[in-house]
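Participant: Let me give you the structure first, and then I'll get to my questions.
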Amino acid sequence: MSFLPGMTPVTLSNFSWALEDRMLEGNSTTTPTRQLMPLVVVLSSVSLVTVALNLLVLYAVRSERKLHTVGNLYIVSLSVADLIVGAVVMPMSILYLHRSAWILGRPLCLFWLSMDYVASTASIFSVFILCIDRYRSVQQPLRYLRYRTKTRASATILGAWLLSFLWVIPILGWHHFMAPTSEPREKKCETDFYDVTWFKVMTAIINFYLPTLLMLWFYIRIYKAVRRHCQHRQLINSSLPSFSEMKLKLENAKVDTRRMGKESPWEDPKRCSKDASGVHTPMPSSQHLVDMPCAAVLSEDEGGEVGTRQMPMLAVGDGRCCEALNHMHSQLELSGQSRATHSISARPEEWTVVDGQSFPITDSDTSTEAAPMGGQPRSGSNSGLDYIKFTWRRLRSHSRQYTSGLHLNRERKAAKQLGCIMAAFILCWIPYFVFFMVIAFCKSCSNEPVHMFTIWLGYLNSTLNPLIYPLCNENFRKTFKRILRIPP
């Protein structure tokens, strides 16, 4: 056996041992990488699906006019945050996991951390402001409709994103404000405050625990309000005829232009004139007055007792409705004290029923309706003017109440969608923030695989959100089918 010049058997054996050690060291680093390949493939698929689904949501909102609503602006904000998580945060996290070390340098590390914290926080805040919007829409439907504009919603969304971007300050400039408590660990991508307990606890409370508790409180109130409204409607539907039945009775009724032996206490101004003695004289007209039960009111007193009171109505030729005069006279004959006793303000909540549906009456509505009741009856042309004003106010009131009812139906479906979004949000993020608090107080309790699992469980929320929209929203479902060319 020959040797190379200058190479002794001892030195050759030492070289072979060193080469063997180097190969074994290489195998020790590549073997875990190969074992992680199936996991890397799965996580890469999750990232691609997250990007595709959130792009689909954004395109659906942009292309479908039915989705151009104020409420969907919050969905767009949530989808943008989830898109950043899927397109930027997930791929860099997969590379970090695959190599078991950060190899992209400190600048890209800070960029990745910034995008991770900002997008995740923006996603949480988007769910929070969406919850507030649903809460106000259900609790204050008429009042909030005037306030609920795209401009105000956009300003709220902008504020949520600006608050989320505040994370950039401690991530990039912690060492400028606070003295570092420890040296950065080699081949690790982590913030300068990773071992600062008080800061981590404070941010966890502000970013997750406080918004989550508020969202749960809001959603409980939403659930109770929707449930109460549904119970009111069931009560009304079981006790009152529908508007179509009333209309059928009206068409079959025999209408006389003059009451049999009675003079109508409230004449149509076009059918009345006033003579010198101040007596109303009927005038010929093609319009007729008939008694018609047009609506009923469901009231709830302070003790929680629910009762109904019928509201007799008058239908006037072209279909306008107003309260019958006998009801008006009973109100006008009340003294000042009894009027105060029976005023609308004494009832905490009232619901009016049209076509079998119950709608809340707001203070503005009731004050408008009660206006003509508070004064004394007038005669002649003044009573005709009062009649026109009262009819117009009743029409406006019923229009607002009907709009409120339609809005309430939409908000009931939106509350269901919000419930699914909140459930996915809490289930995905609470393990991470619980473990986040544990390692903040017990640094020896840190477990890298568990920590990585909780992080990716939070990322998975960005994948689930766009799946929830079509499941809980018919317009999203139809739009998705149209875009993907799926037959209905």
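Quick reminder: no glycine exception, Cβ is built from N, Cα and C everywhere.
When I checked Swiss-Prot for this same protein, it listed these features:
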BINDING   Asp116, Thr121, Asn207, Tyr432  histamine binding site
COMPBIAS  259-274  compositional bias 'Basic and acidic residues'
DISULFID  Cys109-Cys189  disulfide bond
DISULFID  Cys442-Cys445  disulfide bond
CARBOHYD  Asn14  N-linked glycosylation site
CARBOHYD  Asn27  N-linked glycosylation site
MOD_RES   Thr149  phosphothreonine
MOD_RES   Thr151  phosphothreonine
REGION    259-285  region 'Disordered'
TOPO_DOM  60-73  topological domain 'Cytoplasmic'
TOPO_DOM  133-153  topological domain 'Cytoplasmic'
TOPO_DOM  221-417  topological domain 'Cytoplasmic'
TOPO_DOM  471-488  topological domain 'Cytoplasmic'
TRANSMEM  39-59  transmembrane segment
TRANSMEM  74-98  transmembrane segment
TRANSMEM  107-132  transmembrane segment
TRANSMEM  154-173  transmembrane segment
TRANSMEM  198-220  transmembrane segment
TRANSMEM  418-441  transmembrane segment
TRANSMEM  448-470  transmembrane segment
Participant: Other residues near the histamine site, CB within 8 A of the CB centroid of Asp116, Thr121, Asn207, Tyr432?
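Facilitator: Other same-chain residues near the histamine site: Tyr117, Ser120, Ile124, Phe208, Trp429, Gly458.
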Participant: Give me the DSSP three-state residue breakdown of the topological domain 'Cytoplasmic' (133-153), ordered helix, strand, coil.
Facilitator: 18 helix, 0 strand, 3 coil
Participant: With Cys442 (disulfide bond) as the reference Cα, tell me which of the recorded positions Asp116, Thr149, Thr151, Tyr432 is the closest one.
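Facilitator: That would be Tyr432, nearest by Cα distance.
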Participant: Between the Cα atoms of Cys189 (disulfide bond) and Asn207 (histamine binding site), find the distance and write it as a whole number of Å.
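Facilitator: Rounded to a whole number, the Cα-Cα distance is 21 Å.
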Participant: Decide whether the stretches the transmembrane segment (39-59) and the transmembrane segment (198-220) have at least 3 CB pairs under 8 angstroms, with pairs required to be 6 or more apart in sequence.
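Facilitator: Between the transmembrane segment (39-59) and the transmembrane segment (198-220), contact is absent.
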Participant: Under 8 Å Cβ to Cβ from Asn207 (histamine binding site), same chain, six or more residues apart: give me those in sequence order, or none if nothing qualifies.
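Facilitator: Set apart from Asn207 (histamine binding site) by at least 6 residues yet with Cβ under 8 Å, we have Thr121, Ile124.
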Participant: Non-local Cβ contacts of Cys445 (disulfide bond) (under 8 Å, 6 or more apart, same chain)?
Facilitator: Val438, Ile439
Participant: Fewest neighbouring Cβ atoms within 10 Å: which of the disulfide-bonded residues Cys109, Cys189, Cys442?
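Facilitator: Sparsest of the disulfide-bonded residues Cys109, Cys189, Cys442 by Cβ contacts within 10 Å: Cys442.
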Participant: Under 8 Å, at least 3 Cβ pairs, sequence separation 6 or more: does that hold for the transmembrane segment (74-98) versus the transmembrane segment (198-220)?
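Facilitator: No; fewer than 3 Cβ pairs under 8 Å.
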Participant: Are there any residues at least 6 positions away along the chain from Tyr432 (histamine binding site) with a Cβ closer than 8 Å to its Cβ? List them or say none.
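Facilitator: Those within reach of Tyr432 (histamine binding site), by Cβ under 8 Å and sequence separation of 6 or more, are Thr454, Ile455, Leu457, Gly458.
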Participant: Applying a 10 Å Cβ distance cut-off over all chains shown, what neighbour count does Asp116 (histamine binding site) have?
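Facilitator: That number is 24.
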Participant: In the topological domain 'Cytoplasmic' (60-73), how many residues does DSSP put in helix, strand and coil?
Facilitator: 11 helix, 0 strand, 3 coil
